[in-house]
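These notes concern the structure reproduced below.
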Amino acid sequence: MKTAIATVCLSGGLDDKLEAIANAGFERVELFENDLLSFNGSPADVRRMIEDYRLQTITFQPFRDFEGMPPALRERALTRAERKFDVMEALGCDLLMVCSNVSPDSLGGIDRAAADLRELGDRAARRGMRVAFEALAWGRHINDYRDAWEAVRRADHPAVGLVLDTFHILARGTDLSAIRAIPRDRIFLVQAADAPKLDMDYLSWSRHFRNFPGQGDFPLDSFMDALAATGFDGLFSLEIFNDQFRSGSTRQVAVDGHRSLIYLLDRLHARSGHTVAGLTPMPPRAKCLGVEFIEFALDDQAAVPFESMLQGLGFRRAGQHISKQVTRWRQGDINIVVNTEKEGFAHSYNITHGTSVCALGLRVDDAAATLDRAQLLLDMPFRQAVGPGELEIPAVRGLGGSLVYFIDPKTDLARVWDIEFRAVADGSDKGDAGLQRVDHLQQVMLYDEMLSWLLFYTSLLEVDKTPAQDVLDPGGLVKSQVVQSDDGRLRLVLNGSQSGRTQTSRFLSEAFGSGVQHIALSTDDLLTTVRQLEANGVKLLPVPENYYDDLEAKSELTMELIDTLKAHNIFYDREGDAEYFQVYTNTIEDRFFFEIVERRGYRGYGAVNAPIRLAAQARLGGRPL
Ligand SMILES: O=C(O)c1ccc(O)c(O)c1
Ligand SMILES: [Mg+2]
């Protein structure tokens, strides 16, 4: 397919938009009339600028309120169209996109619309141009793609074709099967957009909340299957009206757009097995086998209390890097890497962000293939100098400029701990707390970044999103979006907030950007773990008594169990027969903390407990451990 993006998707002036579009790897654009009108230069100047970016203008749009006008207004509409053709001639664009009429003056009737489109087609053809007709979901008479197609079919003109815009089709829940019967050369343009499920009028939904394929809830894959059944191989463009995108980073949104398109076509390819023109085949989404390590960047001073906290949590010093100031701490299947180097990536990360997680190591089935896929998805690979005897671990840039490393079981990467680390004696007098695995990571980000990172993870790894939730923080609402693998081996909670006073927002300002705010580690027996933590001198986040009174009122737990939970500050949640137990450490440097969980068949994250936890943390104001 010949992929493109509409200028309306992005923020900035037309020149900023075109630069971002070209830099994101697009070769074609849909030019929105407003972007031309607000540009300080002639259509010929715009044409030159577009050509300088080696872009091609595939369509000029929208042309409104055309079909079905009563005779007195019909002539005016046709004259208006001629003026657009003049502009298009200067732009070097040959396709005018006409959206269905919303005017109260317009009249219904497919034959009337067809006759108007035929006349417009004649006029376009005389100038070597074409027109493409789209049903707006809120069109006055034509608001269903099947009616738009019928009008185009009856117009029976080689210069008149159909636009399929997934928003208008999927927002109305229109049956997709009729798409399969449309001859592919009659579809002049496909516009792709996703959107969250919302209960609102079509126009507001469309103009403010569309997002890129894969970021919303629409069944785009079903649409793609129907489209592919026609053999369609033509113009395929992103057309997203989204307030956030239009105030966001032009560059980032353009890259996200291209990534979403590549991923959409990749899914089509994976389902059908057929080659998709315009798509470089790529390795499948990486199966994530777990978190191999979490690396912290610290300075020498911060490392002292941090490492003593790790000891309190039952971690043992297990290895020292062969050439760097990097220590491996271990418990169960969990590896925490403490990096206090004075140069290199972790050091610069520490200078910018303070004590923080600078890298995640993910266990995947094939690390090299994962990196290949990442590059084809326009993710940013990362390389740094590798010392003698060290491994080059494939990595890409992740949240906040941190790194995501890929480790696999089939190469030397599986032996990274043996190759790059030498064993050291521990000497800790603190007991092992029975922590087994990384259960989940919570990453905090700007609200406007959430859709970007959702797409980053879901396009690269075999993880899927669950419905977003609003969590109440004493300082405002926090939006929380989970991405996780089916088997729970990778669970990420992405949090963002539009309020400046939430824990989420404080993290962003204090850590100078997005990053990991908390790490949840799992145990098979939380009560035993907590007793050991207490023996090790670890202070857990105190939970208010009211919580347990409420728990007693709403659950069927025995008084004895509730008393135990209360005595140890354990949160509880239940889903059917599945149970969840959680405790939190106090915050470190007022922003980072650990959570310890025991899952008994439970698949959630204790969202009901989050407001109480956030309030308790806000009250404490992050007392050091
Ligand atoms: O919201 C609109 O008016 C509008 C304009 C052009 C389009 O292609 C579209 O899908 C919607
Ligand atoms: Mg459209």
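Placed from the backbone N, Cα and C atoms, the Cβ positions cover glycine too.
Note that TrEMBL annotation is computational and uncurated.
Take the divalent metal cation site that TrEMBL assigns to Glu134, Asp165, Gln191: the candidate from Glu67, Glu75, Glu82, Glu239 listed for it is Glu239. Here TrEMBL has His440, His518 binding Mg(2+), and the candidate from Glu341, Glu343, Glu595, Glu598 in that same listed site is Glu595. Counting other CB atoms no more than 10 Å from each candidate's CB, the binding-site residues Asp165, Glu239, Glu595 peak at Glu239.
Checking the binding-site residues His440, His518, Glu595 against ligand 1 with a 6 Å cutoff on the Cβ atom leaves no residue at all. Distance from the CA of Glu595 (Mg(2+) binding site) to the CA of Asp165 (divalent metal cation binding site) is 45 Å. Distance between Cα atoms for His440 (Mg(2+) binding site) and Gln191 (divalent metal cation binding site): 37 Å, as a whole number. Mapped onto three states, the DSSP output places Glu239 (divalent metal cation binding site) in coil. Here the candidates are the binding-site residues Glu134, Gln191, Glu239. The one whose C-alpha lies nearest to that of His518 (Mg(2+) binding site) is Glu239.
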